[in-house]
Every structure is written in structure tokens, then in C-alpha cells.
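The transmembrane segment feature in Swiss-Prot is assigned to 7-27, 36-56, 58-78, 117-137, 148-168, 235-255, 260-280, 292-312.
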Amino acid sequence: MEEELRNLIKVWISALISISYCYYISSKISKGVLRLLSLLPIFIIFLLLPLFFSSVHFCVISGFFFTWLANFKLFLFAFDQEPLSPLPSNLTRFFCFACFPIKINKNPSSNRIHNKPMSKWVLAFKLLIFSFLLHVYRNNYDSGLSRFAFLALFTIHVYLEAELILVFVGALMSMLLGCEMEPVFNDPYLATSLQEFWSRRWNLMVPAVLRPAVHIPVQRFCAPLLGLHRAFYAGMLATFIVSGLMHELIYFYVIRKSPTWEVTCFFLLHGVVTCLEIAMKRMRWLPTPRRAVSGLAITVFLLVTAGWLFYPQMLRNDVHKRVISECLLVIDVVKRHVVCILM
């Protein structure tokens, strides 16, 4: 644990130095290929940073923050595109917007006082559910639950933990920068289509960077060859494939074994089905299913395909057990410190 914390400090210092180089040197180079070439060493550094960790949580978080989001944001920065262009007013803001999954809310709620209490109640309820899951884990979950029941609970765990971590990061950045941030999740369990789930409800920072970095360029490139209609689907498929490859890379950071490409196939499948779904929506003569029916269908599809392609590599390498043990370890450490303070 102490070694991991030392590595954590080293990684964040390395990230700060790297981003300082981008802010003070790369930003002075004219946009385009030359600035992109100046950023190549940073891309490589951010690609290697997660390898300093052995903890699943640190590997995943550093892989998501640096290797995925920061590298894609810097790629866009090379061509003077948002979110790092126009250049923020100081290094602190540039560092935060580059390395954290945050985006300024340009249309803040007109009635924040009314909405805030409800959000706190929802957050408290989610914390309660997450605590219940940890209690289930502590009481020999693996001996009393079927595989399907465990995967369903673990899916809820993944969602809740991801949202709670990113909400905490967003709140911290909001206080530091003095501006309201857009929510990272938008009640994904209410999605009634795959398109809605992936683009408007689940981890919204990912489509925020993949759309300008992958979807739009591929669509523009393919438009003269395929036409605008088909180019849109090509851009969408490319986006899902890139997302799958990035997930595959994060799996490698955690497992340190050659990829099996199951996770990439998961996202490729979802990309194909999402394209079919959009094509069917454009056929006006097809009946629109009820929200309850389509919502249930999407939930079942997500669980079945996740159990088939997303989780097997994780389960074979006992990643789920490492995740659970790390969560329980953190809870025990917090309890000990609270007891020491009270005594």
C-alpha cells in the first residue's frame, strides 16, 4: 500500500511536469502537425504511467485519466480544438481540464437551489446501495450467489463506484476552479436505447472527446467515398472500435497479459447494433416500442453481452476479487482512522 502511494505521487508529479511542457512550450508551436509532433513524448509518457501501479483502481483511474482522456484532449489541442483551446488562462486550469474528466457546464441550472437537495438525497441513496454491496461481499458472496446474480450485482458496483469517484472529482474541481461542471453520468439505468445509453447517459466525458477526435474526422473522410448517410455510420463504428481498444488497453494495465480482444468485440457488437437501431428509427413506418419495454430490452442486452464478452477476461484473472478486496481494504483503513480520531 505504501509503495502504491509513493508511485501515486511520482505519477502525478510526472503528469504535472508533462502538462507544464504542453502549456509553456507546445502551445507556442503553430497548430497542426508540428504541434502534434511536439506532443508525441507526452503521449508516450501518459501511455506508460499506469504501469507504475499494481492496484486495480489506480491502474484503471490513471489509464482513464491520462492514457485515454488526457491523450485525446492533447491530440485535439494539437489542432486547436476544445476543450484545451482556446488556451486556459493559467497552468492550473490547463492541467485540470487536461487530466481530469471534467467539462464546464455552459448552461447551469436556473434553479440550482431547488435541484441541489434532491441530488444530495440521490447521492446518499447510491452510497447506501454501495455500502450494502460491500456488506454482501464481506459475507462470502462467492459461496451463495449464482454467476448471473453476482454479475448483476457487480455491474451495479461498477456503475456506482465509477459515478461516486467521478462525482467526487467533479465536485473537487468545481471548488478549485470556481465553476459548475457538467455531470459525468445521467441516470444510465433510464436509457431506452443503446444510442441514448452510450451518447447521453453513460460516462459522458468519453463521447465528449471521441466525437471530435474520432467520429467527426472519420465521417468527413468517408463522406466523399460513401455519402453523408453511410459516413455517419462509419464514424460511429470507428468510435466504438476505438473505445473498445482503449478498454482493451486498460484491461492490459490491470491484468498484464496479452489481449484476448473480447472487450473490443463487445464494443464492436454494440456499435453495429447501435447503427442498426438508428437505421430502424429512421424508418418512420416501424412502430415505436413503449419506454418500459425498450428500457428492459436494453438492460437485458447490456447484461447478456457484458457477461458474454466484457467480464470473462476479468473473471478468468480474478480482477473482480482484487477490486472487492481493495474496496474492503479502504473501508477498513478508514474505520481504523476514524476510531483512532474518536479515541
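Using N, Cα and C of the backbone, Cβ positions are placed for all residues, glycine too.
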Candidates 7-27, 235-255, 292-312; stretch with most C-beta pairs under 8 Å toward the transmembrane segment (58-78): 235-255
Spatial neighbours of the transmembrane segment (260-280) far in sequence, C-beta under 8 Å, 6+ residues away: 193-195, 198, 233, 236-237, 239-241, 243-245, 247-248, 251, 286, 301, 305-306, 308-310, 312-313
Candidates 7-27, 117-137, 148-168, 235-255; stretch with most C-beta pairs under 8 Å toward the transmembrane segment (292-312): 148-168
Two-stretch contact, the transmembrane segment (235-255) and the transmembrane segment (36-56), at least three Cβ pairs under 8 Å: yes
Selected stretch (most C-beta pairs under 8 A with the transmembrane segment (148-168)) from 7-27, 36-56, 117-137: 117-137
Contact set, same chain, for the transmembrane segment (7-27): CB under 8 Å, 6 or more residues outside the stretch: 35, 38-39, 42, 45-46, 49, 52-53, 58, 62, 66, 70, 74, 77-78, 87, 91, 94-95, 98-99
Positions whose Cβ lies under 8 angstroms from the transmembrane segment (117-137), at least six residues beyond its ends: 153, 156-157, 160-161, 163-164, 167, 324, 327-328, 331
